[in-house]
Amino acid sequence: MGFADLLDEVGGFGRYQWLHVTLISLPGLLMASQNLLNNFVSGIPEHHCSLLSNYSVHNLSLINKLFHFVFYLLFRYVEPQWQLLGANSSANASHAQTEECLDGWTYDRSEFLATTVSEWDLVCSLRPLKQMIQTIYMGGVLTGAIIYGGLSDRFGRRSVLIWSYLQLGVLGCSAALSPSYSAYCVFRFLSGMAVSGVILNGVSLKVEWIPTKERTIVGTLTSFFFTFGQMILAGLAYWLRDWRKLQVVTCAPQFLFFAYSWWYSESARWLVLNRRSDEALKSLHRVARINGKPEMIDKLTLEVLHSHMKKEIESRQSSFSCTFTCPVVYPVSLPVSRFSTSFAYYGLAMDLQKFGVSIYLMQIIFGAVDFPAKLLALGMLSYLGRRVSQAACLFLSALVIFTNIFVPTDMQTIRTTLACLGKGFTSASFTTVYLYTGELYPTVIRQTGMGFVSTFARVGSMAAPAVLILDEVLPALPSVVYGGAAVLAGFFACFLPETLNVPLPDTIEDVEEKCYKTNKQVKCNI
């Protein structure tokens, strides 16, 4: 007997679980917006040096023609080059005297009305500051994974999740009022911390109330909220086209999530293992009542609860002081998989303007490709298991990335198609690894463990944009790095234990037992 049997007795995946999973998953519609927000709030409009201050408005149209072809450059002509006006002119202005854009820049407003780039002139020598916003945000997500992972194992999933909603709502909306670049970066860092709290605690709170058999399909289907979120972001960005308004619209709904999050029940597993069995019993009674099993309220007592979790209760003293004694490859495999998946995913998803088509259309395409990818992941997870699915998705994403290296740059349609395919496989890998991580770590340290491996995912997402700079050294180099990381992660994923239709582990001893069985099987297969 175990807690999984107890969940079946109080209704299995009943009415409560449907409501619980749906309400926790709804914020996922805007989590994708937070992670990919920089594509739009920091979009780079076409721009050129502003006119010389001593030219009149009468000459504005003419002068603009003379200066327009130097947009994206660091300099402008000191004097107008009138000889370039002729339709058939072959005049050369390469030796004309130039100067820096002393009067600022003029931005095209057809694609973006206002972005952080046009607000604070993050162009030319300041252009790296545009990507720095995303790096700082991901640094906040990393910090939040470390801090909130440990706090939720100590204070509970529910309380940290509720706080994270409030933090993201307040600080996210405050970011829209930022008077300076520095202030905006601070708000984005703190928002990133809250995003970690929402995602990590939401996953744990869902998984710990779901019966074993339903975990796969629920975990995969709820990931579609993130997919829809990517497409919603494209629609909102196209509608608003102003970074401050977009910032508010994507963060304000967090106050609604905060308001209804008080309905959530704390994880009964966590309550029992933290000597709060009375509260766990009340939560189980509540679940039984909502699921239409009122007869279980009288049958389910503290003695019955403790009998189902006898092994976990007996080992809880040692669980908190224990360390993993598994072979080194096991604790390495999950962090490497998370790092590589995030590394490749954000390498593809955070530079949409390079594809040469509308950034809004590209965001919708990148979101739409997740639908078949996640349906593929659902089939693989249900029939092939977690380990094979994770390794296969990583190897396939690496294959697509490597293939794209050999496609000529003028074949933009094929390159974009392969990029979408690679993004689909990395998305499927994300779906798999999120579910996998929640199933591999025991209840007593589940959030700490998820926070630990999430730090590697965030390091990957922070490193991904930096690798794009290697394109200036050798165009194929970023793809080689992304693909190589995916191959390495796929190899390590082969050593993870299978968790398909296996009850969630509650103690470290449960994990070690799985670990040694898997290690023995791998050795035999080799």
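Just so you know, the numbers here start at 1 and follow the chain as drawn.
Even glycines carry a Cβ here, placed using N, Cα and C.
Looking at 16-34, 54-72, 73-91, 187-205, the range annotated in TrEMBL as transmembrane segment turns out to be 187-205. Feature annotation (TrEMBL): of 160-181, 468-489, the stretch labelled transmembrane segment is 160-181. Sequence-remote contacts of a segment are chain residues at least 6 beyond its ends whose Cβ falls under 8 Å from one of its Cβ atoms, and for the transmembrane segment (132-151) they are 34, 38, 41-42, 116, 160, 164, 184-185, 188-197, 200-201, 346, 350, 447-452, 454-455, 457-459, 461-462, 465-466. Of the candidate ranges 160-181, 246-265, 357-376, 357-376 contributes the most Cβ pairs within a distance under 8 Å of the transmembrane segment (217-240).
Over the domain 'Major facilitator superfamily (MFS) profile' (60-501), the average per-residue pLDDT in this prediction is 79.
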